[in-house]
């Protein structure tokens, strides 16, 4: 497999000109609240959402209080694909995106007439930071014969350079379709997800060498030891994880697919290799089942994330209330970039809608499950 670059950095400038590295992100995580403070803030936010004609769109990885608040107020808690669809289709005047910056940008691109706010504009993503648009554009220019496919975890400027945008829940299907049509691909930025898809589809993929700070820290050796400690447990793995971790999985899939697996599989215990923020929704969806965090560090080692994204952790009730009260932290995307970026996003959404119709028409649910099932050494 060819490589685009040898390494990436997590402390690079954002496309928008701001910067917030790992250390800065952890320093900006709001302090925990006392129960009475939390209840008061939730009541205040509910009133502000009504006043501002706003809806809360939250990712599975943010704080459990934010997820619960989104559910309680008619908002959305979902993966990035469903967040994009929900924000586009909802009639709210204001979308409040609890997640990371690329999610807010995508919401604005799909809903240019709506106001899009975020609790903290510095909440970014290591994959975004590791794929600066100027370097990526130069790489694409060097391979003009290839179709450019970028993961959702990229800036609007990088999406504007792409032919397709994908999420982990539909990326395999889209790449398989492109491969069937004989297209060669540039893939960015996550090398682990790209490698997983390449192995599943056999597609000719030239990889950008980015990685997710959280998933890159999961360890295959330690996971194998944990599996032997809990032999009855099923292992659920997000495909942004390293190959050695994916190889041990019973189910490999997006956040939504992992939650579905926790509900549908008859196991009572699961080892989960993704951001621990997902455990809130898993416990709600599968009450009575036990969820164990996969290890993120080896013997005597430390972890940068400890299975939780520092930028996701920057989202909290306190800064959400402040944003709604003051109307700041609004997302803007330059018109020319937004216009170009919308094309690959719309292509993905249209493909996903057609794929869903095909699956429903055929009733071929086993095929969908097989696409994200681990087969031996993945």
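Cβ from N, Cα, C; glycine included.
Under the heading iminosuccinate binding site, Swiss-Prot lists 59, 80, 151, 152, 153, 168, 238, 239, 240, 255. If you look up Swiss-Prot, you'll see 125, 212, 309 marked as [4Fe-4S] cluster binding site.
Where Swiss-Prot records a feature, it is marked here on the structure.
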residue : record                        : contacts (Cβ under 8 Å, 6+ apart)
59      : iminosuccinate binding site   : 77, 78, 79, 80, 83, 98, 99, 100, 103, 277, 312
125     : [4Fe-4S] cluster binding site : 100, 101, 102, 153, 212, 309, 311
151     : iminosuccinate binding site   : 127, 165, 166, 167, 168, 171, 187, 188, 189, 190, 193
238     : iminosuccinate binding site   : 168, 215, 252, 253, 254, 255, 258, 273, 274
240     : iminosuccinate binding site   : 168, 190, 192, 193, 211, 212, 214, 215, 216, 274
- Query: Around residue 309 ([4Fe-4S] cluster binding site), how many other CB atoms lie within 10 A of its CB?
  - Reply: 27
- Query: What is the maximum Cα to Cα distance, in Å and rounded to a whole number, among the residues 59, 80, 151, 152, 153, 168, 238, 239, 240, 255 annotated as binding iminosuccinate?
  - Reply: 17
